[in-house]
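See below for the structure under consideration.
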Amino acid sequence: MRLDVISIFPEYLSPLDLSLIGKARRDGLLDLRVHDLRTWTHDRHRTVDDTPYGGGAGMVMKPQPWSEALDSLAADDDSRPTLIVPGPGGERFTQQIARELAGKERLVFACGRYEGIDERVYEYAARDYDVRVLSLGDYVLNGGEVAVLAMVEAIARLLPGVIGNAESLVEESHEDGLLEYPVYTKPADWNGLVVPEILLSGDHGRIAAWRHQQRLERTSARRPDMYAAYRLSHPDA
Ligand SMILES: NC(=S)c1ccno1
């Protein structure tokens, strides 16, 4: 997968050089490129924003740098990339969407700032991209970069070879409609707090059953919405 990120703060994406994502890039599992939007400005101040038509507070990102950036990236191959614009007004980003996007050939992330990107850019981009506005949640950030960090990690970790042990991806929260079970490690008695006896039994069948029950109870307590949906598709749960 090739993944491009366009931002006026490319250094914001430097955490993507670290840990498993950074290793995946170095191992050639992920072709991730970060671009400075100001590359596609032509004035001496490298201007990317201007005042909003219709008045109002703040500034709006100008269409021209974005159109040139998107044209440049689209021209790199014959694919039709998916353009993802993080924003509070978007469709909720979920594990299911992360899985869907992990199957794409190319993703391009556009990090908006200020009051947002001129709306005509979305229309213009649709000529060469499948455009999706995606939100991490119902809150407002100062820009798209933090959301891109989260989305890229959620997507890239699903790519073959990125997570050393693919088993780690099974029974994770949101993978199958339930939250994950509680985990424990040594020592068995820590500050008088003990590991559930079942986990020390070596009885893998009973341990699996206990873990599934924990998932049901945890999902019911913390995410009744998820639990209700799970019960609809698993009436015997
Ligand atoms: N909620 C999201 S993803 C966002 C991006 C920018 N502001 O909020």
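Even glycines carry a Cβ here, placed using N, Cα and C.
No curator has checked TrEMBL annotations; they are predicted automatically.
If you look up TrEMBL, you'll see 1-228 marked as domain 'tRNA methyltransferase TRMD/TRM10-type'. Residues annotated as S-adenosyl-L-methionine binding site in TrEMBL: Gly112, Leu136, Gly137, Asp138, Tyr139, Val140, Leu141.
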| field | Fewest Cβ neighbours within 10 Å, where candidates are the binding-site residues Leu136, Val140, Leu141 | value | Val140
| Assigned conformation of Gly112 (S-adenosyl-L-methionine binding site) - DSSP reduced to three states | coil
| query | On a count of neighbouring CB atoms within 10 A, which of the binding-site residues Gly112, Gly137 is highest? | reply | Gly112
| Hey, what's the Cβ neighbour count for Tyr139 (S-adenosyl-L-methionine binding site) at 10 Å? | 7
| query | So how many other Cβ atoms are close to Asp138 (S-adenosyl-L-methionine binding site), meaning within 10 Å of its Cβ? | reply | 7
| note | DSSP says Asp138 (S-adenosyl-L-methionine binding site), in three-state terms, is coil
| said: Considering each pair of residues in Gly112, Leu136, Gly137, Asp138, Tyr139, Val140, Leu141, all listed as binding S-adenosyl-L-methionine, report the largest CA to CA distance in Å, no decimals. | reply: 17
| When the pLDDT values for the domain 'tRNA methyltransferase TRMD/TRM10-type' (1-228) are averaged, what is the result? | 96
